[in-house]
Amino acid sequence: MVLSKKTIMQSFALMIILSIVMSTTEAKTIGNPAMREDEPKGCPPGSPASCKMQPANPYKPGCEASQRCRGT
């Protein structure tokens, strides 16, 4: 099995290109602010005590007409 000179040169060029691309890639990490769970979102980092967490969707029980609830 003989490889042609063209195939060898293409393989060599591909290895060089891949090594350049891999060396210039920088990995991005998740910082600590994204992992803070003890502070509410949208509060200043220096004074989280000044913020009060509001429920996103307060509970409201539903009522169907067959249950004869008030207001229906």
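Glycine residues also receive a Cβ, built from the backbone N, Cα and C atoms like all the rest.
Residues or ranges marked as disulfide bond in Swiss-Prot: Cys43-Cys51, Cys63-Cys69. Sequence annotations record features per position, and here Swiss-Prot assigns signal peptide to 1-27 based on sequence analysis.
Distance between Cα atoms for Cys51 (disulfide bond) and Cys63 (disulfide bond): 34 Å, as a whole number. When secondary structure is read from DSSP and collapsed to three states, Cys63 (disulfide bond) falls in the coil class.
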